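A quick write-up on the structure given underneath.
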Amino acid sequence: MEKHPGSLCINPHPLNIWKAQEVYSLRMLRSREKMERENMEEHNQSKKRLRVCVATCNRADYSKLAPIMFGIKSHPEDFELEVVVLGSHLIDDYGNTFRMIEQDDFDIGSKLHTIVRGEDEAAMVESVGLALVKLPDVLQRLRPDILVVHGDRFDALALATAAALMNIRILHLEGGEVSGTIDDSIRHAISKLAHYHACCTRMAEQHLIAMCEDHCRILLAGCPSYDKLLSTHHREDYMDIIKSWLGDKVQERDYIVALQHPVTTDIQHSIKIYGLMLDALLSFNKKTLILFPNIDAGSKEMVRVMRKKGIEQHPNFRAVKHIPFEQFIQLVCHAGCMIGNSSCGVREAGAFGTPVINLGTRQTGRETGENVLHVRDADTQNKIYHALELQFGKRYPCSKIYGDGNAVPRILKFLRTIDLDEPLQKTFCFPPVKDPISQDIDHILETQSALAIDLGGTNLRVAIVCMRGKVVKKYTQPNPKTFEARMHLILKMCTDAMRDAVCLNCRILGVGVSTGGRVNPQEGVVLHSTKLIQEWSSVDLRTPISDTLHLPVWVDNDGNCAALAERKFGHGKGVENFVTVITGTGIGGGIIHHNELVHGSTFCAAELGHIMVSLDGPDCSCGSHGCIEAYASGMALQKEAKRLHDEDLLKVEGMDMKLSEPITAAHLISAARMGNSKADAILNKASTALGVGIINILHIVNPSLVILSGVLASYYQAPVQRIISERALLSAQSIKVVTSDLEEPALLGAASMVLDYATRRIY
């Protein structure tokens, strides 16, 4: 192409064209982004962020409020968070727990010292008044759109009162619940002052509706603390946390968490319960983490009780003022039991299946899972100790009554829907409310019962025995001689007793059978019986009784049952090692070693009547010679009494003996007491044989107690104690011999198998 002079000729290159297009596109993109930012700023200016003030008064309510505070803080485009701290958070005696709020990186807008010390009713009232004096300035300065208040504390009542009078909207957490103390009145008063409600359970929602609250302003959210505990309680380092608070030797599920607060409507009674709880825990002898009570009236006296009993110095106890919530839920989750009256026991502990004993009336109106055992009238140490025996070490199904872990998202969504231009007028409705049902220790002790069978040589006895060890009703029939007739009568008597149990309001948990002879308790089979019970070998008792009554059945030897009866209801209660010796028609007994019954490899342990005390003694029913039973049993004494009677050497002057009555061991004892030297010599030999046999037992198993049971027990007690002090090794001479106070050891022992094992539910 020819170029003209003075002209500029440009030959466009493709790369230059692409660059020009890119610059144009970039300018257009930046222009659009600028317009979008301007539009967003205009939108944000038109949408006001909700100014939310969260007020926390103590360590307990902070565990519920903290998840909400974190949620609000994570959405700065929607909310502006203000934090007010007051109450026991700022008191050194209660751990200065405001520091944990600062450690969670929350800016505390105001700290109000509102607690008047004194820990009595007047101090609580003065604290409410002091808070009401200080709160108006803070609320006027912060000017929140909504104030979030938790629970049922007197501090929270001051917050709700001040906010309501200053026309500040109130969101109340955990309203509608029932706990049975002054907390109820405070909680319901706050609900009446509040404009919005975030409740935890369906029943609480219904209670709020019944209290005339507008259904549209009630959110069934669940408990906010569940959001954290359900997501964090499966921590791998939980044993490190447990050991840091309770020591290196403690094991999972082998310790107790105790937390008891005063009941302000009955302070003296709650202090008494606190002392009984501490006594029961001392007796129960397990590692225990005990937290100081809250600041309510009566707490100072409770601390005095704790210190008077030396709890802070006791090696089994660790007393603390505060535990961070994340660590506390680990301790509750893996505890063998939680005891006290804290709401944590009836709420958070249920999420883990941790067994809980709730003492007194402070929480008894709350909804609970199966894990909670109420001891409403905790009037004795034994009742609390028995509750510990029932609950410690169990695991229950996990309960989500109070939340599913999604409360905070629901509450934040609820807050976003609040229309600040909406009037606060409430509507009213009155739906029916269903009463809560939960376990109760008195109900258990009175109604949960066992069917006990005592198969004797002469009589067959069946009894209904309640948890307290009371024989509610007893049935007695002569024991038939044949196997078929005997089994038919057992099943008939049990069926009759089951029918009567319904009328007596007794819930039968199972059947226990006490019988003579050698028994395999694992299979419920009588292997070999005594000569008194004919046709009774290799008999399966468990299957026909269980099939007929549709109940679990336990079977054991009558001597073992006597030992079990002493362990649960008699002198052996709380004794780790003891021996029971039955001195009746024959000689038998049972051995409790480390709180467990000793059966032996072939189920013939504790055949105490057949301990040989002489190589050439009288014949024994077992086929041997010189056994204790051949000397000291009722049958042996009766045989000697008949011999003296036949030789006209039994009766002495002044002795009343009718010609028609059969000669028994009682006649021999009566004659000896009236100066019959022959009778006295026979009884001395019998006492010596029994005493020497018991010394052999002491030297073999070394129990700390010997319990004599049976009709001859009261006669043998003093001579046996004397023989032990004279002939036993020095280390065993001080072991005490006592006589049983139980009137029905065989029946009570049969019942105790049921009452001990049927209530050990493992999930």
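Just so you know, glycine gets a Cβ as well, placed from its N, Cα and C.
All annotation found in TrEMBL is predicted automatically rather than curated by experts.
The model shown is predicted, which means the values in this text are computed figures rather than measured ones.
Long-range neighbours of Asp558 (active site) (same chain, six or more residues apart, CB within less than 8 Å of its CB): Asp454, Ser514, Thr515, Gly516, Ile582, Gly588, Ala746, Gly749. Look at TrEMBL and you will find Asp558 tagged as active site.
If you look up TrEMBL, you'll see Arg518, Thr530, Asp558, Glu607, His610, Glu629 marked as N-acyl-D-mannosamine binding site. Of all the Cβ atoms in the protein chains shown, 18 others lie within 10 Å of the Cβ of Glu607 (N-acyl-D-mannosamine binding site).
Per TrEMBL, the feature Zn(2+) binding site maps to His610, Cys620, Cys622, Cys627. Counting every protein chain shown, 15 other Cβ atoms lie within 10 Å of the Cβ of Cys622 (Zn(2+) binding site).
What TrEMBL lists as domain 'UDP-N-acetylglucosamine 2-epimerase' is 77-415.
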Distance from Cys622 (Zn(2+) binding site) back to His610 (N-acyl-D-mannosamine binding site), taken between C-alpha atoms, in Å: 8
Neighbouring C-beta atoms (10 Å sphere around the C-beta of Cys627 (Zn(2+) binding site)): 29
Under 8 Å by Cβ from Cys620 (Zn(2+) binding site), counting only residues of that chain that are 6 or more apart: His610, Gly626, Cys627, Glu629, Ala630
All-chain count of other Cβ atoms within 10 Å of Arg518 (N-acyl-D-mannosamine binding site): 18
Rounded inter-Cα distance in Å - Arg518 (N-acyl-D-mannosamine binding site), Cys622 (Zn(2+) binding site): 12
PLDDT averaged over every residue in the domain 'UDP-N-acetylglucosamine 2-epimerase' (77-415): 91
Length of the line joining the Cα atoms of Cys622 (Zn(2+) binding site) and Glu607 (N-acyl-D-mannosamine binding site), in Å: 11
Largest tally of Cβ atoms lying within 10 Å of a Cβ, found at which of the binding-site residues His610, Glu629: Glu629
Remaining residues near the recorded Zn(2+) site, that is with C-beta within 8 Å of the centroid of the site residues His610, Cys620, Cys622, Cys627: Glu607, Gly609, Met612, Ser621, Gly623, Ser624, Ile628, Glu629, Ala630
